[in-house]
Structures are given as C-alpha cells and as structure tokens.
Amino acid sequence: MASAAVANYEEEIVRPVADFSPSLWGDQFLSFSIDNQIAEKYAQEIEALKEQTRSMLLATARKLADTLNLIDTIERLGIAYHFEKEIDEILDQIYNQNSTFDDLCTSALQFRLLRQHGFNISPQIFSKFQDENGKFKESLASDVLGLLNLYEASHVRTHTDNILEDALAFSTVHLESAAPYMNSPLREQVTHALEQCLHKGVPRVETRFFISSIYEKEESKNDMLLRFAKLDFNLLQMLHKQELAEVSRWWKDLNFVTTLPYARDRVVECYFWALGVYFEPQYSQARVMLVKTISMISIVDDTFDAYGTVKELEAYTDAIQRWDINEIDRLPDYMKISYKAILDLYKDYEKELSSAGRSHIVCHAIERMKEVVRNYNVESTWFIEGYKPPVSEYLSNALATTTYYYLATTSYLGMKSVAEQDFEWLSKNPKILEASVIICRVIDDTATYEVEKSRGQIATGIECCMRDYGVSTKEAMDKFQKMAETAWKDLNEGLLRPTPISAEFLTPILNLARIVEVTYIHNLDGYTHPEKVLKPHIIDLLVESIQI
C-alpha cells in the first residue's frame, strides 16, 4: 500500500492508495483493422462448411448415440450458434422419446446436453449404474470416457439430484487416479476438466482449448468440422479485435491512466469479461456497451475502495443519485472527471439506441448503477467507522456491490430482441440472477480476503462469517464454498423449462457466473492481478489466431 498526499479544498488529505500494477498490454490493441479480403475468403468457405454441417446434423441414418456425440463436438468446437434451431429440435425429439442407453458414456452425455438446453431429464437414468447399496459400481472405474462424461454431467445438478453428488465424488476419485496413465489427448482433456469443468467454463476459452489441444489430436476427428471451427474462430477473433481496438481508443481518449492514477487500468481484462458474456457476432454492439460499462464501474469501485474520503464519497453518491451534470460543481476535481465520463457514456448509449427506438431502456441500467453506488458508499462508511456487520447485513449490501445486478441489466441493452418485460423480470431479482450474484460475491470474497485484510478491511464477508459463527478462516471459506455450490444448483434450476423469459436472456446470467469462476480460479484475483490467470486466456482469444 502506498500513500498519496493530495491538495483538496483547503486542507491536505493523506489517502491510502491501493498500489495496483499497470496494464500488461500497453497500446498493443489500439490499432487493428480487419483484412477484408481474408475475412471475405473465410466467410465464403464458412458458408459452404455450414451447409455441409447442417446436412450432417439433420441426417437420419445414424445411431442416437452418434447424434449426441456430434452435437457435443459441434458445441465444444464453438460453432453451435450457427445451428441453434436444429440442435434444439433434435434434443426436443430425444427428450420426448425418453431414450435410454446401456452405457454410462452416452447416458451421461445425454443427461448433460438435455439439461444444458433446459430439458428436465430425470437423474434416475443413472440408477442402473449403481449397485444394491446405491453406490456406483466399481466396474465403471475402467470406463474413462464414461467417467469423464459422468463428471461433466454432475455439474449441471440441481437440489433434487442427490445421485449426482455421488456421481461427482465417484468420477473425481477415479479420474484423478487414472489421469497419469492415460494417452494423449484424453489425458489433457481429463486433467483440464478436473481443474475446470465444462459447464462452469467460459465458452470461448473452452472452445480454444478443445480445438487446439484436444480435437486436432484426436484420431477420429472430422477434418471438415475442424476446419470449419478454426475458420470460424479466426473470423470471429477479427471482429473481437476490432471491437477491442475501438474500446481501447475510447479508453485512451478518456485518459484515466493519467488523470485517475489510483485506479486499475484493466480495459483489456474488461473486454475479456464482456466476451465471456457473449461472443457471437450479433452481440457486437452489446459487447462494446458492456465492456465500457465494466471499465467505468471499475473506476468507481476503486474511487470508493482505494481513494475517496467520507465527505467526497457522500457527495459523489448524492451526485450519482441525482444524475445531473449541474451537480458536478459540488465534487472535487478528480471526481468531476469520472462523473462527467459516466453521464456522457449513458448519453451515448441513448443516442446509439435511439435509431432503433430503444433509448428508453437505458434508464434500467442507470437505476442499477445508482444502486451499486449507494451500496459502495455503505461499504466505505463501514470501513471508515470500523463497523462490523453481521453476515446477513453484510450480504444484503454486498450482493449489489458485486455489480452483477447492474452488469446483467446492462448486458441486455445491446441485445436487439430484448423487450420491456425482460427488464421488468430482471428488476425483481429472480432466483437465477440472485444465484449468479451470490456465486460472484462468495468467490470474489474468498479470493480477495487476504489482500483486503492487509488493507485493514474488517467488514469483509469472510471476517463477518468468522465472527458470526465463531469459526476459523478456513471454515468460513468452506461455508462460502458451500454457498456457491447451492447457488449453482439454483442457477441450473433456473435454466430448466418452462422459463419465464427466452433462454437467450438467461445465457448472459449463466455466463457471468462462469466468468467469475474462471477469473478467481485457485483463489487468485485474476482481475486485479491478470498476469497468472487472465493473461494466457487473453493471448489465446485476442492475440494469437489458430493455425489453419
């Protein structure tokens, strides 16, 4: 921690400043333009490959197990967004046929795919793989692919899927002991899955890994599908790099790195988060709006967390609630910079959406931002006054400061088919949204505990839990882990049909939970310190294209 003396009003204020590392990326993403000739060439070939793949998907002279494997491969290769309607119709048919399989591998794959697409298939299909004592048969220990599919299936479980608790424990133990003796690329796939299960992974990260590290090395691979996936990944990457260049220029023009040096400079990492919410080309506008929002709220977070005084933060909170540029004169100079930038950003959003007659929806995101800032202010007051809230009071405030209610709402702004009732549904904090927010809160709190403790924070989630329950740090962290597991079950339940809104609008909520799982893996704060966790992912998704 460093100290900074700043002349403010007529007195000198000594501020505790979190010593954040500079951006890892410099200006490397500033200038990128798509090579239209290459993009056009890729797009033409993709169209032809798309038709071949569609024909393959719709072919009827094939075993059901092979159809499930084909869908799984297409999804893992990241090209399923081209065939959403076809895949949904096939899975709907399979679900309504009540098909069952004798082998664990296909049964588990069927279960996971159907659940991930919202079909509430019964976990009783696994009872045939248990002995008379209700334990999974030890003879399954040699079925590595079956175990891997069982392991992946166990992560889509809900509260009533007790059999899948046993499935997770059983498959994990056997996969861990067998992994060192497996051949490549199965060994890499199992090792990766044990560290990062598919259901909780960021889709683009999982796609890149599967294409380059697994599918390309499989003897049974389909060369046409592999080529399609590589071309599609690289073409999308061009679009993503173009978006990042646009956002990087916007960020550079704001010049926060110079004018607000106390804050984290993480616009590239913010883009990774937006890309994690949706990667498909039709969400380009939505992604750019979301990354700008994440970057801006990160500045606000650091203002509350690492710089502002009580008096300043109260004035800032009040100004945000009033949402009026005339309030700017009440703020110290450094706060004027971010306040004006925030109001300008939302004016830009309104202007951008007005051509489609949708500018009125921006108010939903503004109200959520006001909520975040109010709760940030409560947190900073607790810190300054040394208040130690009970864990229930802490959580009622801290769920909003994850920013996930706000980001979920913002993620809808650029989604062209969103309607007013979707925002109304979201504003009521439905259980699936609450689950995603809880996952973010408890995982973030666990990963950042030591750093916040070193800054003198006593109102952290882990500290509150330790005091309330009279438990050790490890026991408190275990409690938080249990909360995350419960929330994942709620989230998985919320994806099952019938759903109150279109699955298209549930996916960003699911993906926000996935991003936090990946960013804070192994209890590391990958956002504040991206070099270990996010840097390799950013290189894979935004720097290096796939060799074709």
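Note: Cβ is positioned from N, Cα and C throughout, glycine not excepted.
Fair warning: this is a prediction, and the values are worked out from it, not measured in the lab.
These come from Swiss-Prot:
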- D301, D305: Mg(2+) 2 binding site (BINDING)
- D301, D305: Mg(2+) 1 binding site (BINDING)
- D444, T448, E452: Mg(2+) 3 binding site (BINDING)
- 301-305: motif 'DDXXD motif' (MOTIF)
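The Cβ of D305 (Mg(2+) 2 binding site) has 21 other Cβ atoms within 10 Å, all protein chains considered. Rounded to the nearest whole angstrom, the C-alpha distance between D301 (Mg(2+) 2 binding site) and E452 (Mg(2+) 3 binding site) is 14. Nearest in space to D305 (Mg(2+) 2 binding site), taking C-alpha to C-alpha distance over the binding-site residues D444, T448, E452, is E452. Each of D445, T446, A447, Y449, V451, T460, D525 belongs to the same chain as D444, T448, E452, is absent from that list, and has a C-beta within 8 angstroms of the C-beta centroid marking the Mg(2+) 3 site. Taking the motif 'DDXXD motif' (301-305) as a whole, pLDDT averages 96 in the prediction. Around T448 (Mg(2+) 3 binding site), the same-chain residues six or more apart in sequence whose CB sits under 8 Å from its CB are T460, D525, T528, listed in sequence order. In the structure shown, the C-beta of D444 has more C-beta neighbours within 10 angstroms than that of any other entry among the binding-site residues D301, D444.
Secondary structure counts, DSSP: the motif 'DDXXD motif' (301-305) has 5 helix, 0 strand, 0 coil.
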